[in-house]
Structure formats: C-alpha cells, structure tokens
Amino acid sequence: MAAEIQPKPQTRTPVLLNKIEASQDVVNTAVIIPKEDGVISVSEDRTIRIWLKRDSGQYWPSIYHTMPDSCSCMSFNPETRRLSMGMENGTISVIILLYQASTHQGRVTVVLFVLEMEWVLSTGQDKNFTWHCSESGTQLGLYRTTAWVSGLQFDVETRHAFVGDYSGQVTILKLELDSCSLVTTFKGHTGNVTALCWDPVQRVLFSGSADHSIIMWDIGGGKGTAIELQGHNEKVQGLCYAPHTRQLISCSSDGGIVIWNMDVTRQETPEWLDSDSCQKCEQPFFWNFKQMWDSKKIGLRQHHCRKCGQAVCGKCSAKRSTIPLMGFEFEVRVCDSCHESITDEDRAPTATFHDSKHSIVYMHYEPTMGWLLTSGADKVVKLWDMTPVVS
C-alpha cells in the first residue's frame, strides 16, 4: 500500500489587497479610513488626496486638494474627521476647523492630534517641539530639543510626550497647559530614532532606528528594562503595535515587514564587559603591550559574546547562533561555551519575515480592520490584509 502523501504546511503571509499608483511624487504619509474603504494621502507634490474604492476594485481620488507647500507629515482622527498636516514651510494646517498656524521655522517633521486634550503636538527641523490648542490654533507651549526630532508619541493618562531625535536619544517630557518639564532621557541607539510606538496598556515604548534595531523600553514596570530586537537589515521606517494579540509590526527601507511576538518572556542583552585579555583563553588583546611582552604573544582583536557579554578573541567565538528571546533573529557571535548551552528550543524564532517588494517610506496599521498600509519610494501605496499573520 502506497504511503499517504501529507500536504505541506502553508506559510501564513500578508495578503496584498490593492495598490494605489496615481501619485506624482513620494507619498510622505497615508492613513486608512476605517469603515469607509478609503485612504488619505499627503505627498511631496503638495496634494492631499482622499482615495475611495470603486466598484471596479480600484482606488480613485474622490477629493483632490493642492496645498501651498509640500505636506511632510499628517495625523488623522477618525472620530472628529480632523486632518492635521505639517508642511514643508513650517506651518500646520488643520482641515475641518480650517485654521493655519505658523509654528516652525523649517519643515514640520511630526504632527500629532490628541483628541482628549484638544491639542496638536508638532516637531520641526528648527528643533522646536510645540503644542497648540486645536480649536483656536493658539500656541500653548514650546520646548527646545537638542537635535532634529523624528519621532513623537503621547500618553494621555500621564501627559507624557515621548520625543525621539537624530542623536538616537528618546526624551520624556511632562506636559502641562502652558509648560513642560524634563522627566528623563533614554540612550540606546547608535543611529537616529526613526519611529516611536507607545502601548498605553503595557506601558511600553518601542523605538526604531537607522541602526536597524528596535528597542522596547519597559516604562510601566519601573525596572528600566530595555529589550533589543534585531531583525532588519536596513533602517527601520515604521512601528505599529497590535495590543489584542501583543504583536509588534515593523517595516524597513529595504521593504521588510517583520511581525514580532511580544507575548513571550524576553531577556535583556548583557552589557559588554571590559578586559585587556580574552576572558576564555586569557590571550592578550592587541593594546595590552605588557602582557604581550611578558608572554611573548601577539595581541588579538577583541570581540564580545552577544549572550554573556564577555570579551573574547576570535578563536573562542568562532560560532554563530540566533538568540530570539534576546531579540537576535539573525545569527550573531557567541562564545564556544554559550553556543553549547543554546538548545534548539532556544533558537525557535519569535518573529516572522515578509517582503513588501518596495522601499518603505511610511506605514500605518488599522487594527479594527487588520489592514496595513505601506507607502514606498516608488510612489506606490500598498494595502495589506494582515489577519493571516497578526492573530
């Protein structure tokens, strides 16, 4: 009797639902309009477009409006249908309320509307972080940042603003009606912060960077825990969090979409230890002249084991391994003893990897629909059904 052929397990991937290709220039920001099968986009070509799905299945611009300057960023609130836009010339325009405020001396980098406070928060290339009354356009407060801001999030309950900048630093500010105070700063990235994402339930902040990494800052736990996630080969361009499944979605400029399972017990990466010689074989490193002279040995180059943090030579760390619970989804350098201690179960991946097939500039996730929007350098906006992987 012939053996029964078992079907191959199907790999779950995002489903490409549609492509919008009618933009004349790069779409800087776009958002999904929930319950309406629509998309709002703002572009370098100075246009605001509202795309609605036709019977043919294609998206066509039902509203097309040209602004006096390029639209650099946007925030849309579906409850009030308020569209807050940051402009290349430093102004912020709020459509529906129809006011315009000259806020910044240069390009507006991030704009955020906070419905509960009736505030519009914004940052610009002039290194100013401001908040305005969304009803009148009156500036309420200003804070001068040390570097150009590229990421912004806000916690309504505590009135904390999270500000990520080009120095790689994340600053936490406590906002009042007309003033603010510095709470603390986080330093962990070696490249500029490119994206921030705040989970108000778990009280966790995620920051993405040009250094290809993501850091999860456990603010609510009070322990100062910082978990690294290494799964991108290029600059992280966007972060979104699905709280109902505890999954993080990240996109990068090489088109990669990564879905991270955050419902696991993750481990902090260890601090790298300092030593003048290999902490395994005791061979001197090349700057340790005294030990090289005494032992008559040539100094070696220093490396570090990503699992234990010990300073080791190349011979004692010749092997590589993934360490997913430490955030290392790619193989990294580990010392020989740590390599022996890592089991196949330890190597089980905690993330899935997908290719959007375009260089992602911006992303937006709509949790009620389970849709992801990606905007690319190819001037194309893609809509994805993420329910096969975010569930």
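Every residue, even glycine, has its Cβ placed from backbone N, Cα and C.
If you look up TrEMBL, you'll see 272-343 marked as domain 'FYVE-type'. What TrEMBL lists as repeat 'WD' is 20-51, 186-219, 229-263, 353-386.
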Secondary structure content of the repeat 'WD' (353-386), with strand meaning DSSP E or B: 0 helix, 21 strand, 13 coil
Helix-strand-coil residue split for the repeat 'WD' (20-51), DSSP-based: 0 helix, 19 strand, 13 coil
The repeat 'WD' (229-263), counted residue by residue under DSSP: helix, strand, coil: 0 helix, 21 strand, 14 coil
